[in-house]
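All remarks here apply to the structure that follows.
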Amino acid sequence: MAPKKKPQKQSNKAASSSSSSKSNYQKPSSGPKLQISAENEDRLRRLLLNSGRSGPSIPAPISNSLSKAQKTKKLNNVYEKLSCEGFVDDQIELALSSLRDGATFEAALDWLCLNLPSHELPVKFSTGASRFPSTGGSVGVISTSRDDWNDSTDSSVRVEEEEPAVFVRVKGKQDEEDTLSSDKSSQADWIRQYMMRQEEEELECWEDEVDGIDPRNKVSGPRPFDVIAKEYYSARSDAIKAKEKRDKRGQEQAGLAIRKLKQEISDLGLSEAMLESEFQREHAFESATEQESTCPISDNLHESVDADDVSVQMLDNLTLNTNPAESYESEEIQTKALPSSSSGQDFVASDEDSEDVELGDTFFEEIPPSEISPHELLELQKEEKMRELRSEKNLGKLDGIWKKGEAQKIPKAFLHQLCQRSGWEAPKFNKETGEGRNFSYTVSILRKASGRGKNRQAGGLVTLQLPPKDENFESIEDAQNKVAAFALHKLFSDLPVHFAITEPYASLVLIWKQEELLCTTIQSTEEDRRANFVDKLLEEDSFSLTTSSSSFENSLPLVDSYVKDKDDLGVVKSNNRAKRDSYIEAECLSLQRKQENKKRTQKYKDMLKTRTALPISEVKNGILQHLKEKDVLVVCGETGSGKTTQVPQFILDDMIDSGHGGYCNIICTQPRRIAAISVAQRVADERCESSPGLDDSLVGYQVRLESARSDKTRLLFCTTGILLRKLAGDRTLNDVTHIIVDEVHERSLLGDFLLIILKSLIEKQSCDNTSRKLKVILMSATVDADLFSRYFGHCPVITAQGRTHPVTTHFLEEIYESINYLLAPDSPAALRSDTSIKDKLGSVNDRRGKKNLVLAGWGDDYLLSEDCLNPFYVSSNYNSYSDQTQQNLKRLNEDRIDYELLEELICHIDDTCEEGAILIFLPGVAEIYMLLDMLAASYRFRGPAADWLLPLHSSIASSEQRKVFLRPPKGLRKVIAATNIAETSITIDDVVYVIDSGKHKENRYNPQKKLSSMVEDWISQANARQRTGRAGRVKPGICFSLYTRYRFEKLMRPYQVPEMLRMPLVELCLQIKLLGLGHIKPFLSRALEPPSEGAMTSAISLLHEVGAVEGDEELTPLGHHLAKLPVDVLIGKMLLYGGIFGCLSPILSIAAFLSYKSPFIYPKDEKQNVDRVKLALLSDNGVSSSDLNNNDRQSDHLLMMVAYDKWVKILQERGMKAAQRFCESKFLSSSVMRMIRDMRVQFGTLLADIGLINLPKTGEFSGRKKENLDVWFSDPTQPFNMYSQQPEVVKAILCAGLYPNIAANDKGITETTFNSLTKQGNQTKSYSAWYDGRREVHIHPSSINSNFKAFQNPFLVFLEKVETNKVYLRDTTIVSPFSILLFGGSINVHHQSGSVTIDGWLKVAAPAQTAVLFKELRLTLHSILKDLIRKPEKSGIVHNEVVKSMVHLLIEEGKPQHK
């Protein structure tokens, strides 16, 4: 069997020629070289092959709609391509058998590269080095043996012998011809094996003859041509002799034998002329032998014996009974047998016997009869074609060009003649430059187009060159003639040019023609085997399908049995249902009796009297009546109406009183955890029951990481996310009777999402006409009731009046007047004339706040103004106020919070106002702690008063949140600093005074970061009224608004923009897929106010980039886990991988900084000092986690991690004041550090919530114990921190989280991308230029990498882009190619060239075997995540052998590469 082709190694000459032709062209390198030690590679391969995966993922099978012919064509195509790449049949068939009819060329290459040992692969796949570098338009025509040829019967057999080759380069043609050329690369090997088998058969036949066995009687069927020719010669000879003797009987017998032999040769598809030609040749040969004892080889051969100069006459003799490629071997044998010092006669006399052995035995001895194979038949046909080619009958094609008898011409002259005759330009011979190429030439010919229609031949410049093996020229003339002969062969293949040109060039032309004819033989033999294999493979698949179908039919009795068993099971279930209904009925009676007994108690009567006084009680009957008639109801109650606590109780009491209490299951959603907990506790108190969740209480609550419910719970308060999680397990909510959605006016993302689901459920149950129906109640204080009513099919709306005490509102200008406040010119809240434009833009200074950074990016005009005037100041509005107040308003920067004013105002309230708690609304946690720190440091709030300075936000523990509802001792004032969490749902009874900053933080998508982040912004008028209402819940109150009346009336929005219209939809899309709600866009288009098409497309695209979904929006294992983490998907991915790869603590810190902001502050004119401090932090190896070498300094994110670790160590060892001094000395923000600690705990508990890590089993981490939980997450002995001190691992996980925020220099991008990039100038740069795939970008001056000129790797990940006069990358980290391949975008392995592209523009040079290894590692990681879904409690995943090997790879191989 013929081996498959493998490109031949190119010699140094060709390499130098190829390189020299483009020596002046500068382009990117082949990419950073990815090299793995043999030990690592072998270990990883063994692990992967033993991990339960047999190889690369098998693609989806071909559609069953394809016919067998189409499947056959596809598999044949793959087979052919693999063959051309140098794989042997056994290897190809093994791969295709594994991949079945779903095989693709790429999948088969992956399988082979992963499963075959390196030494069995074609060299270019095991080393990644292409043997023929691409030259942009070359065609290689190769006739050579493969170095590692595998016989189909024994893959261990190798034939290691180089053969001569011919190489053609035709400029302007496509590289696709390279594949065709490689088909010829191993023909000589095949021929050699074939000849060896022929010799064995000859020996057998010789033995048979010795034993007296007639070979003609031994076998039946077609016989070889040579046997027939021999008999034909014998019959003709007999006929001649009989004619001479006038023996008529002998003539008749000979004639009959001749006719039979002619019929036999005709049956073989050969012409009778071949027999006659053979007879004439043998007859002439015999006559010549009788006349003189000389060799049949022409004397011309002996005059010039050279491997390249073989005469036509010699070719006639040598190629008669063999294929062309064998002639190379014959030449070598013949040359060795000819001593250069002897004449031809001497040679014949001395080596005749040797020649008989070496040549005669192989080519001239008779071949005994045997069965003719299709290959042998084709071989004979090729011999006939070669005879025809050498026949003088072809001379007619040269009419008008050359006649027999005319002097032969040198190839140069004849080529010139033919070009002139064709109307082409004269050939031009170009000397090739390079070492060792003194006589190397190419020939270029400019051809004109000719012909029309289908026969039209395109013109153009064609350049041809001989391969290196033919470049041993005697002279310039010889070099030019050889390449001219080659041009004659290629360009005038229809003409017998060998007749018209001189030797040795005529023989070379014949050799080249023989090589072309040989391809058909090899291809035909291969096609037979391939066709049989593909047919068998498809038949097996068909049989498998038939068997499956048969098995299914045979299993019908089992199915019937199963149905019968199921029917029996149904009877059991029916009995169980009857018992359950009986139990519920008893429960209904029990609840009814308890309710009646409770109503008789005085405590309940007093509480009921208080409840009845609430305004919502006036519409109680209307609410209950509407719920009996309709499935959806909107309840609109103003602040203080009591709707949140009373409506759920109305429904519960009504069902209990009507005897249906046992069936009642009410779920009331709240937008925040604190609201769910506090409302549940209040309702339990009003019902005179025990605390929520106890057995004698019907009320319970459930929030993330905290639950208080039991089997007796009939009214559950929970967050929206908890209900959505319940929907994931029970999409019909069959056991729920009522769902109450409170505070729908907030239009939160999850709230609107829940409404879509509820609407679908209501519509479905209306169609099903079920007896038990779900009831939905929407409640809000301020709401566009008609909007919700229309959305739910014009459902009824009930409005209840509010009951609040009067509240007096003082705006900013009035506060200035009342406390006689002076805004200092150097106050942070004041605009200053000495503020530079750079400072106003705030491109670096994070102290100006996140909102200001965003505004700076938007280019607010007022920040660029050189005067000190507040752009929102309208002088006519303040004519009645003092000059001091007007000056304050003129220089006020309204985007900054004036903490000095806040402190003075709080002191003013404490001094002049009656008792009552103060509630201060601030935008975020950092602002809360900044204010509380200022107050705690003041004389007024020292001692016991400091205990009543209380924060209130979603991040603090529930026990700490509950303290805000307690009353302080007499003489002490409670001061609560809160986020907008206190706007709705919760009521703090003793709050009388409200200070409203007018700010809050919204979650917005930052397109530069490709992250969602909290952005500070102004609240709406509706929010402002809600905050004001908090002051009048128990008695008349006062609201101090820290914004002007003009802003409230003219600049604030009436309502908040729904989150679905302003937030990224990525997390929402994940929930849609997790709940199995169909395709994303159709589902979201049913929203109350659908998001834009662009927003949905962007979200889906990001999910694909992150790897959360694939294909037709199919949720991946990674996406399944991300859907359970209520964080940005990039942060979630980083957290997941941080836990899996054992470096959680540093990743918690980095994720927190990415979600919040950098801890570094930049005082004016202190940038150099800050940079120096940064380097000092990285250089100090005193902290274990900062054990970094010089190369690991190239990371802003590792710097943040080190800063936090140092801060928290000082905090634990020396206390808060020492930690504060550390921050001041290192230009760090203490408030940011505290926020990072809280976020670390929050992120860690999220991972514990999904089962990725384990939390301590003892103790509840609340209050001061939160610090202990952060210590737990930092514990290096925990499995999730096993590799937390390995910077290479941390940076790899960082890459996983930040990708696709990546940039590369010219060494890491593809040539196509590099040529299409927008670059800034062409001058030579002294710095390393970076690109983001579209344009040149620059590292921001605030990054630690901005001062480096050399980088360990050509890739970096970044947090965000900032565009001014240039595009800057903020917060960068240099990452290794290993990280990109493991955690980057989609990878495309270029097996042949030994390179990998990532997302189509990044590149890495890697051998095919190594690249496929990384591809498989990705799939294995995919499987690990999938396994984690099935076993979420499997927290020891970091001990997985594949994960450990990947970590080892990152640590050992990811070190700096010296280039």
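Each Cβ is built from the backbone N, Cα and C atoms, and glycine gets one as well.
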Annotated stretch (region 'Disordered', per Swiss-Prot) among the listed ranges 324-352, 353-381, 411-439, 1252-1280: 324-352
Given ranges 302-305, 742-745, 838-841, the stretch to which Swiss-Prot attaches the annotation motif 'DEIH box': 742-745
Secondary structure content of the motif 'DEIH box' (742-745), with strand meaning DSSP E or B: 2 helix, 0 strand, 2 coil
In the chain carrying G637 (ATP binding site), residues 6 or more apart in sequence that have Cβ under 8 angstroms from it: P615, I616, K643, M779, S780, A781, T799, A800, Q801, G802
Local confidence of the domain 'Helicase ATP-binding' (624-801) - pLDDT mean: 89
Three-class DSSP secondary structure - T644 (ATP binding site): helix
Packing count at T644 (ATP binding site) (other Cβ atoms within 10 Å of its Cβ): 26
